[in-house]
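Per TrEMBL, the features are:
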- Glu293: active site, proton acceptor (ACT_SITE)
- Tyr380: active site, proton donor (ACT_SITE)
- Gln132, Cys133, Gln134, Pro264, Tyr265, Gly266, Gly267, Met268, Glu269, Arg560, Met561, Lys562: peptide binding site (BINDING)
- His292, His296, Glu315: Zn(2+) binding site (BINDING)
- 460-604: domain 'Peptidase M1 leukotriene A4 hydrolase/aminopeptidase C-terminal' (DOMAIN)
Amino acid sequence: AVVDVSSFSSPSCCLTRHLYLRCRVDFGARALRGTVALTARAEREALRCLVLDTKDLQIFKATVNGQDAKFGFGQKHSFKGTPLEITFPFELRRGQEAIVEISFESSPKSSALQWFTPEQTSGKKHPFLFSQCQATHCRAILPCQDTPAVKLTYYAEVSVPKELVALMSAHRDGEMPDPEDSSRKIYRFSQNVPIPCYLIALVVGALESREIGPRTLVWAEKELVDKSAYEFAEAEAMLQTAEDLAGPYVWGQYDLLVLPPSFPYGGMENPCLTFVTPTLLVSITLPKVIAHEISHSWTGNLVTNKTWEHFWLNEGHTVYLERRIGGRLFGEQLRQFQALGGWRELQNTINTLGETNPITNLVPDLNEVDLDTAYSSVPYEKGFALLFHLEQLLGGPDIFIGFLKAYIQQFAYKSITTEDWKKSLYSYFKDKVDVLDKVDWNSWLHAPGMPPVKPTYDMTLANACVALSQRWIKAKESDLCSFNSADLKGMSSHQLIEFLALLLLEAPLPVSHVKRMQEVYNFNAITNSEIRFRWLRLCIQAKWEEAIPLALKMATDQGRMKFTRPLFRDLYSFDKSRDLAVKTFLEQRACMHPVTSMLVGKDLKQDQ
C-alpha cells in the first residue's frame with residue numbers, strides 16, 4: 001500500500017466516509033469550538049481503534065455510536081502535529097461502520113486559520129476569518145484523516161455573529177437564528193461529492209454577493225464586490241469551455257470569493273467556492289488564475305493525488321487544462337506564449353532551489369519534509385512541460401485531450417499515484433507504445449533540475465520580448481540613450497511581464513540601466529501586480545536604493561507568497577535594505593498569515 005508520510009492516519013485500517021461538523025466561531029477567543037462526527041468504516045477484522053491527525057487542538061470527549069470512548073494523544077511532531085488515538089468500546093468487523101464523535105477546540109495559533117480584527121478589513125466594522133487547509137492544515141481545525149488518499153462527504157452547521165455571513169466549500173443549505181444565542185445565526189452546508197479533507201474550507205465575514213452567471217455568485221466585502229463582479233464576468237464562458245474539454249462539471253455551484261490581501265495564494269480551488277486573492281483585481285493574469293481554479297474541478301478535486309509526492313498530478317494537469325482553456329478563448333499563440341513563460345518560471349525556480357535539489361524532482365521524497373517549505377512551481381511547470389511534451393509526441397492537442405478526458409473519467413472520485421496515471425497513458429495510447437517507451441521516464445519523474453527535453457514553443461509572441469531584453473542586457477552606458485518609450489509600442493501586458501522575467505533570469509543589470517528604464521518606460525507608475533512585482537525585483541537586484549520603499553510596500557500591502565517571499569528575499573540580500581526588511585517583517589509578523597509568517601521568517605533567518 002502507498003504510505004502517506006505526511007499523515008498519522010492509517011486508512012488501510014479504517015476509512016472515514018462522511019463528516020458532520022457542528023461548531024461555533026468565537027472571534028474573541030480566536031477559536032473554533034464544537035463537535036465533529038465521523039462515519040468510519042472498518043477496513044479489516046476486529047478493529048479496536050482509529051488514529052486521526054490533529055495539530056494544536058484541544059480534545060474534550062470522544063464517543064463511538066454514543067458510547068464513551070477512551071482517547072489519547074501520541075507524540076507531537078514539529079510540523080505534522082499530534083496523532084489522536086481513539087479506542088472503541090467494542091470491536092468492529094470488516095465493512096462495519098460506526099459514528100465517532102469528538103468534541104474539540106482549535107488554537108488561536110492554528111496554522112489553518114487567519115483571524116482579522118475589524119481594522120484589518122476593507123469595511124473596518126466587523127472581524128473576518130478564513131481557512132486554508134491545503135496541504136496538511138485541516139488537522140489544525142478539526143480531528144480528521146488528513147490525507148488526500150481519503151475522500152468523504154460532509155455536512156456542517158456553523159454558528160457566527162448574526163451580522164456576518166459564513167460560507168464553506170459546499171452548497172449553502174439555509175440559515176436560522178442560533179437557538180442558544182439570539183445574537184448569533186447558524187449557517188448550514190452540504191457537500192455531497194466526496195472530497196479530501198484539504199478541500200474543506202470556511203470563511204466568515206461581512207460578505208455580499210453578486211450574481212454573474214447561472215451557477216456563479218461572486219462574494220466579497222461590500223467595498224470590492226462590484227469591481228470583483230465586473231472582473232470575473234468571464235467565469236461562465238470558462239466553465240463551459242472547461243466542460244467541453246474535460247467533461248461535465250459535477251459540483252453544481254461555482255462561486256468565487258475575494259479574500260483580504262493577506263491570502264497567501266493566487267487562488268485555492270475549494271469546491272463550489274474558489275478562493276482568490278484581491279491582487280488579481282489589479283492584474284492581467286486574472287483569466288489565467290480563474291481558468292486554473294476552474295480546471296481543478298476535474299484535475300485535483302475529482303481526480304486527486306493519493307499522497308503529496310504525486311502533487312504534480314493535481315497541478316501539472318490543471319496548468320495543462322488552464323492553458324487549453326486560454327487557447328480556446330484567446331488563441332493558440334497565447335497558449336504557446338504562456339507555455340514558454342511557464343518554462344522560464346521553472347528555470348527561475350530551479351535557479352533559486354538549485355539544480356541538484358531533490359525537492360525539484362517531479363515526484364520528490366517527502367519523508368520528514370514540511371510541505372509548506374517544499375512548495376514551488378515545480379509540480380506545476382515541470383508537470384505541465386511533461387504533458388506538453390507528450391502532447392507533441394503523441395499527435396497534437398486534439399489527440400491528447402482525448403486522453404485527458406478518458407483519464408478523468410477513469411479516475412473520477414478516486415485518489416491515484418503517478419504509476420496509475422502512467423498505466424492509463426500506456427493503455428490509452430496502446431498503438432503508440434514505441435513512442436512512449438522513448439520517453440526518459442526516470443529523468444522526467446525522478447531526477448532533479450530542468451527536464452531532460454525542452455518541448456517546442458511557437459515563438460511569435462515571445463520574439464519581441466527576447467529582442468528587447470537582449471538589447472538591455474547587451475547595452476553599454478553609451479547605448480542607454482538609444483532606448484525610448486516607443487520600444488514598448490505594440491507590446492501587451494503579457495509581453496511586458498515576459499520581458500521583465502527574461503531580465504530576471506540574467507545577472508543583475510547595472511543601476512544606471514534600471515534608472516534609464518524608469519525614465520523611458522515609467523514602470524513605477526504601473527499598478528498591475530505581476531508587472532510591478534518583477535520590475536521591483538529587477539530594481540532591488542540592481543541595487544537601486546530608491547526602489548527600497550516601493551518594494552517593501554508591495555511586500556507588506558499584500559501577502560500573496562508568490563510576491564511577498566521573493567521581494568523580502570531580494571531586500572534581505574541587498575546590504576542597504578537588509579536591516580529595514582527584517583525590522584519591517586518583525587513589525588508586520590503579527591498580522592501576517594501564519595504560513596507566510598513562518599516562511600518569510602525562515603527566508604530572513606528570523607525563525608524562532
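Placed from the backbone N, Cα and C atoms, the Cβ positions cover glycine too.
Checking Cα-Cα distances from Gly267 (peptide binding site) against the recorded positions (His292, Glu293, Glu315) with a 10 Å cut-off leaves His292, Glu293, in sequence order. Counting only the Cα atoms, the space from Tyr265 (peptide binding site) to His296 (Zn(2+) binding site) is about 15 angstrom. Geometry remark: Met561 (peptide binding site) versus Tyr380 (active site, proton donor), CA distance 16 Å.
Gln134 (peptide binding site) sits 16 Å from His292 (Zn(2+) binding site), taking the C-alpha atoms as the reference points. Long-range C-beta contacts of Glu269 (peptide binding site), restricted to its own chain and to partners at least six residues apart, with a cutoff below 8 Å, comprise Leu199, Glu293, His296, Ser297, Gly300, Asn301, Thr318. Here the C-alpha separation of His292 (Zn(2+) binding site) and Tyr380 (active site, proton donor) works out to 11 Å. Over the domain 'Peptidase M1 leukotriene A4 hydrolase/aminopeptidase C-terminal' (460-604), the average per-residue pLDDT in this prediction is 96.
On a Cα basis, Gln132 (peptide binding site) lies 17 Å away from Glu315 (Zn(2+) binding site). Listed in sequence order, Ala112, Gln114, Ala201, Phe263, Pro264, Tyr265, Met268, Phe275, His593, Val595 are the same-chain residues at least 6 apart in sequence whose CB falls under 8 Å from the CB of Gln132 (peptide binding site). The maximum pairwise C-alpha distance among Gln132, Cys133, Gln134, Pro264, Tyr265, Gly266, Gly267, Met268, Glu269, Arg560, Met561, Lys562, the residues recorded as binding peptide, is 18 Å. Neighbouring residues of the recorded Zn(2+) site, listed in sequence order and excluding His292, His296, Glu315, comprise Glu269, Glu293, Ser295, Thr299, Gly300, Asn314, Thr318, Val319, Leu321, Glu322, Tyr380 (Cβ within 8 Å of the Cβ centroid).
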